[in-house]
């Protein structure tokens with residue numbers, strides 16, 4: 001049926017949603033961009049009559065200034081709803097409907113509204129106005145009213161709007177009295193198709209667009225069709241005799257990790273059909289699918305309500321609330337919340353059922369979902385910055401000027417990587433020069449006539465090998481690197497990349513070994529064995545004792561055998577040092593399973609001692625070089641080997657001096673052991689540094705690196721150790737045998753032990769360090785963005801504690817506007833006068849974890865920041881990836897309980913801290929956008945500790961913002 005066109009219109013809406021009875025009147029007289037979507041007259045009539053029973057009604061006046069549209073007769077597809085000339089009876093029905101629109105509310109209300117309409121449309125709108133004849137047809141009345149409003153001056157229309165609005169306000173109180181008595185809210189179980197429509201706030205409407213999603217969001221028909229085809233395909237795989245069981249329903253619709261939740265959804269959908277089903281056909285599955293994939297929030301709300309309302313009485317009891325909370329907690333892997341389901345159910349009932357009726361209805365549930373309880377709708381603060389990346393980064397480069405864009409990218413690349421570039425250029429140049437020098441040197445010798453270019457290439461590779469066998473020791477001289485990092489040389493040399501450079505050199509060594517050994521064994525030795533005896537003795541007889549050796553005799557010489565053995569040991573060490581073996585990604589059968597893990601990497605790497613001994617032997621007993629002055633391997637290795645030997649000797653000496661006692665130990669969920677140790681005399685460090693830890697009871701040889709989680713001015717040193725290998729698991733087991741279970745009130749702790757006096761039962765530990773890391777340079781930046789994944793948060797906890805200590809000192813010693821000098825924590829007064837360091841004005845800490853128990857690791861520092869940092873210098877953001885994202889039906893109730901509990905008690909139900917937890921993975925573009933918008937023109941240090949995959953994404957984001965905005969991000973990744 002055609003209706004009024006919404007073209008520059010006047011729209012008056014009167015709404016009375018129970019139980020609040022708040023009236024909302026919208027009058028848009030001057031809109032020039034209204035929708036052109038027609039309104040259906042039958043919708044207006046049916047809506048007004050049906051919703052009046054719920055005390056929710058609309059009065060809509062649509063003014064069409066276009067005379068052509070105004071003169072267009074209203075046409076109806078259904079003759080019973082719109083009058084027509086052919087059916088006179090329809091006129092009487094329309095008159096009755098019009099009267100119903102005027103008299104559906106309380107009598108006084110209808111008379112007053114009618115009076116205002118008549119007054120304004122007949123007398124106040126102009127001299128041409130006439131009272132609408134009582135016998136006029138329904139369409140005639142609407143047309144007449146439209147023409148009157150169109151002809152009226154704007155001032156008259158505005159006056160009409162104001163009078164109508166005032167009358168609505170006056171009568172709203174009368175409508176609220178006795179509303180539930182005379183016009184009760186429809187129960188959802190009995191009237192599934194008729195539900196209350198609420199006036200929604202902006203934030204609530206925003207949630208309604210994406211909230212309570214049961215499946216992946218399908219924004220277009222093509223995607224929706226593709227989703228259904230995938231479901232249909234799984235149906236054919238899982239069905240038996242054409243029926244899909246209730247157990248397989250979750251897997252079929254894409255809820256394979258939430259099968260219990262999916263079964264409750266299945267039951268709710270079956271109850272809507274008045275059935276109790278154990279299996280469904282494809283047609284029934286399709287019906288269920290289109291119900292749960294409905295993009296209308298009210299439809300999804302009804303399904304969610306039906307899931308809660310298991311007895312289909314239109315009400316949700318406290319026991320049913322408890323069950324759905326427990327179900328949601330289980331689907332999101334929140335064991336603690338599941339155990340407290342009864343407490344949170346009571347909280348919801350207390351909030352939504354203040355009259356203690358013992359139940360809540362769909363209206364209250366919708367209010368809770370849309371954030372009308374518990375302090376308002378709360379959303380991720382990062383979502384305030386929802387601009388697209390291109391908007392934040394500024395206008396994109398013009399595609400037509402490809403040369404200019406590429407040149408800018410090249411300039412940015414050199415500017416961001418100039419330290420790495422000049423070091424790599426110097427290294428590659430040195431290797432190329434040495435290779436060329438040795439290549440052309442052997443090309444002039446007699447051996448070239450016997451072995452040709454094979455010997456030239458092999459000797460050139462050998463020279464490169466000697467250089468890299470010397471260089472590979474330097475990046476692991478940690479004391480030297482830590483000292484150089486703080487020197488002026490740290491500006492030009494990227495010492496943070498020491499481990500990466502160590503790995504890069506190992507690749508060059510592998511290539512050089514392959515060329516050198518491969519050409520000798522596969523070419524040089526073969527040519528010698530096949531060369532003419534007399535000619536060989538003339539050319540190279542002096543180097544081989546005056547005879548021509550066979551291939552086997554050459555291989556069995558000390559020079560060749562030592563080289564082959566060295567290659568074998570290198571291959572073993574290189575293989576066990578790869579990521580797959582070092583991180584236990586390769587699962588080998590017993591007894592070979594011990595060839596993987598950190599222990600295998602640690603011990604195999606110590607084969608380098610044998611390798612360097614064989615290298616010296618191999619380089620001394622050479623076939624083609626007899627003069628000791630030309631045997632230069634010892635010259636390459638002398639300085640690096642002495643330096644590395646000195647470092648290991650220093651570690652051994654400090655181990656005796658840096659023996660520490662355990663002050664406190666605790667074991668947290670997630671297999672994390674927290675150790676608080678005494679600080680040795682003279683032990684100084686900066687936040688962000690790390691130490692090596694040794695436990696002689698487990699192994700007198702193994703040293704393992706761990707980030708320091710205590711602040712520099714703390715009385716103790718603390719580390720957090722997660723069981724990820726043989727040694728760390730042995731440490732946890734050792735301490736768990738000694739420690740006691742916690743007292744009942746200590747939530748989160750598995751075992752805890754305070755040992756301030758008698759420490760005899762704890763094992764003695766040794767520490768070595770501290771050693772430098774990228775995060776120790778946090779003072780150089782205006783703003784910090786600290787990102788840790790799982791146990792990767794540990795390098796930044798010390799920084800947060802250090803900043804917090806400075807905030808405390810500032811409140812005690814300085815005025816509110818004083819800028820703190822964070823370097824004063826670990827520097828002497830004389831060094832403070834010599835050096836002035838900037839102070840980060842803000843710090844953003846983003847911690848992403850997949851286990852709820854992880855939040856217990858650093859609960860103390862989180863609560864302390866929330867309590868002390870009144871100026872919001874430190875901003876904490878915790879992300880729990882086990883919980884489904886915002887808008888998913890499986891996490892909707894969790895989000896609501898979280899909001900209610902935090903608003904009432906100030907404590908987050910997930911983390912147990914005062915810091916509110918975000919759900920699912922963060923949108924890193926929004927995180928960077930927020931920081932960039934909050935601090936334009938600032939120098940922001942991005943410090944990350946976690947998997948390499950995310951590091952690439954974060955580094956790319958930092959690069960994007962650097963290229964297209966005035967904010968500069970400098971990305972650093974922690975390497976051990």
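Glycine is no exception: its Cβ is also placed from the backbone N, Cα and C atoms.
All TrEMBL annotations are machine predictions without curation.
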783-800, 801-818, 819-836, 837-854 - the one TrEMBL records as transmembrane segment: 783-800
Correct range for region 'Disordered' (source TrEMBL, candidates 52-82, 83-113, 114-144): 83-113
The transmembrane segment (783-800) touching the transmembrane segment (601-624) per 3+ Cβ pairs under 8 Å rule: no
Per-state residue totals over the domain 'FAD-binding FR-type' (655-777) - DSSP helix, strand, coil: 20 helix, 44 strand, 59 coil
For the transmembrane segment (421-440), distant same-chain residues with Cβ under 8 A (at least six beyond the ends): 414, 456-457, 459-464, 467-468, 471, 492-494, 501, 508
